[in-house]
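TrEMBL annotations:
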BINDING   A:HIS85, A:ASP96, A:HIS195  Zn(2+) 1 binding site
BINDING   A:ASP96, A:GLU131, A:HIS387  Zn(2+) 2 binding site
2 protein chains.
Amino acid sequence: MRSATSVEIDPVFVERVVMEFARFGAWGATGVWRTVYSPEWVAAAKQYADWCAEAGLEVHKDAVGNVWGRLRGAEPGPSIVSGSHIDSQRPGGRYDGALGALAGLIAIRALSAQFGPPRRTLEAVALCEEEGSRFPTAQFWGSRAIVGRIAPGDAVATKGYEDETIADAMREVGLDPALIAEARRDDISDFIELHIEQGPILEQAGLPVAVVDAITGIRHLRVTLTGEANHAGAFPMDMRRDPMAGFAEIAAGVVNTAHRMGRPAVTTVGRVIAEPNFPAIVPHTVQFSVDARHPDPAQRDILYARHDALMREVAARRGLEIVIEQSLDHPPCLSDPGLVATFEKAARDQGIAFTTMPSGAGHDSQQMAEIAKVCMIFVRSKDGRSHTPEEFSSIPDIVEGVRVLAAGLHRLAY
Amino acid sequence: MRSATSVEIDPVFVERVVMEFARFGAWGATGVWRTVYSPEWVAAAKQYADWCAEAGLEVHKDAVGNVWGRLRGAEPGPSIVSGSHIDSQRPGGRYDGALGALAGLIAIRALSAQFGPPRRTLEAVALCEEEGSRFPTAQFWGSRAIVGRIAPGDAVATKGYEDETIADAMREVGLDPALIAEARRDDISDFIELHIEQGPILEQAGLPVAVVDAITGIRHLRVTLTGEANHAGAFPMDMRRDPMAGFAEIAAGVVNTAHRMGRPAVTTVGRVIAEPNFPAIVPHTVQFSVDARHPDPAQRDILYARHDALMREVAARRGLEIVIEQSLDHPPCLSDPGLVATFEKAARDQGIAFTTMPSGAGHDSQQMAEIAKVCMIFVRSKDGRSHTPEEFSSIPDIVEGVRVLAAGLHRLAY
């Protein structure tokens, strides 16, 4: 084992790039509204490319608009890459995504300055679209292009909230949708993504950073319970087939199931629509969502099976029709154990207190896992807030996160 | 006691007037869309007046448009009145309201033909507005005018779904809103309202009619639970303040409370609105309705108190803010025990099987109770359906109901 190497990260530079980058699409005092292929996004991508060039990296913009900055290694072979997305929610905050793109750049710049050319090639990347905040079905557009998960007709079929296609939006910023396949990479061995936690766990634990050992599995169900609409006064309780009563039992039950399983199981009923939705009529239909997540494949199966059994039991007992549609099913994405160990060691080497935890949200790393070993680093979020202008992480915490990232990259590439 | 008198009601005439009346505002094959002061309503009111005149009754249209048909009694004194409303839901069926207006007319017409002039004055009435289906806050408009519960500014302040005032709508059909107070009556001793059950109880019991001994008490609450919006993946269950989970516990709880108390307690959660209502976000707010009803004042108090305690306990335990607004509170309206006994006796005299039960829905009789003794007669509903074109009661059942009504009126007025 090599001895610990101290990696220096300049807090002043970190604060400058984070705050300057947040000006592209600035929304109110602290928010950002920067959707893919918008003028704000074009300006942000150009700024990222300029900073890469200033750091001495070879800059390349690929066929979908991902911006790459390369620090060539002395040895041939695949690249070690770090980055994240630079598009935002509408509006989101300064940190979701952007911080990871900047962290990759800051870390590689610092390594280059402090240790010179690496043995292995390092790359920073600003991915072009993760949120799907302009094109709701285009989630992970940038990382999907890299791993070859965009089919030939997708760009024309992918519509935005204002009915424009993503193909047209690409052309407007000088990209040719016919060339998307050229963004594919097969020469990346490792992808490390720094990101804000977007939850309260690090804050509660009093820790600045975490090494992420898995991205949770997630299933979205759209459930429709149908009973019989009746007069709220004239129809006795014992004769009703009330889908609201069934929904209430199910929603309480699935939430309790996840709660009892304990962290990191989570289940959310975020959406409910009753028909006809009048106070004095027993509804005939209640439609609702069930978002359930677990990063452990075996525990996930138990969580999902318990939900399904509960829903079907309640519906059958109450004489309700039930239709369960699965609108999303991402399996858990496990981080590479070797990378997890490397970044845990890097944090310890830098004397930075950390924990190891799964991510409850989805990230570009899930896509990158198709072609590379992946790992993530989380930085503490204030109040667990994200997807809002109030999202906040402190510069000292960010610096600790970038130090862990840089120290780990140093272990891998030098 | 007088001996039983057989009252004859002609089924052919009953079917003719029910079906002909349903043509005013006919909607599809079996529906009716006849809102107050609409052209369809004007035509129906005119038809009712014409039929009253044909039956030899003195016809009078009052200041709000209620149509009265009077069969003058030999003795002076207050009137015994029977009727109901002729406006409908949008769309409703042929029977809700209209059947009671027609039943009063048919019964008094038959009594006049069979027994001649009564000792006491009898009146049939077609009330102008009960549903609030055009002007949502104008419920019981016709009966409220009769009992003096319309304040001077109400007509101008009462707005329709299309933003017109009820004052303008009155003027368009030749009524002067300044004269509403003239509709007030102080010379009615008894009000008997025949109505379809709108529930499944008679059908389940295999009985054509019921004498109604109370109209249920009803309270509508609008409840707002506020917690904290959070990411459905990144926020652990044990740290959430999830108003959907609180709502689910409350909705399941209040429904179970009414169910366990047994008939005639009913509680309905018919309406729910979650914000922001996205599958992957723990909502920050869930707003919902609680409609709870009981015809017994003491049992009603227990039902309401249990609901209130449950809601506050769940909110406090889950760290949710709760705001409870009462949007409606009608106390139970007990039928006059003497009238209940009279109509029970009338049914027995006619050899008609019946039960005595409360009404779970509200009716004009609640208003009329302000100035008169009241009682209602229910006719069996198919499948308990109402407020829909599918609402149905058979002519034989209707004839039984009108026979009970007529026989009771005979006992009171002859």
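Counting starts with 1 at the first residue shown.
Placement of Cβ uses the backbone N, Cα and C atoms for every residue, glycine included.
Fair warning: this is a prediction, and the values are worked out from it, not measured in the lab.
Around the Cβ of A:HIS195 (Zn(2+) 1 binding site), the number of neighbouring Cβ atoms within 10 Å comes to 28. Under 8 angstroms separates the C-beta of A:HIS387 from a C-beta of chain B, among the binding-site residues A:HIS85, A:ASP96, A:GLU131, A:HIS195, A:HIS387.
Residues A:SER88, A:GLN89, A:GLY92, A:GLY93, A:GLY97, A:GLU130, A:SER133, A:SER386 surround the recorded Zn(2+) 2 site, their Cβ atoms falling within 8 Å of the Cβ centroid of A:ASP96, A:GLU131, A:HIS387, which are themselves excluded. According to DSSP, A:ASP96 (Zn(2+) 1 binding site) is assigned to coil rather than to any helix or strand. If you draw a 10 Å sphere around the CB of A:HIS387 (Zn(2+) 2 binding site), it holds 23 other CB atoms from the protein chains shown. Those residues of the chain, other than A:HIS85, A:ASP96, A:HIS195, with a C-beta within 8 angstroms of the mean position of the Zn(2+) 1 site C-beta atoms are A:SER84, A:TYR95, A:GLY97, A:ALA98, A:LEU99, A:GLY100, A:GLU130, A:GLU193, A:ILE196, A:HIS363, A:ASP364. DSSP gives A:HIS387 (Zn(2+) 2 binding site) a coil state; it is part of no helix or strand.
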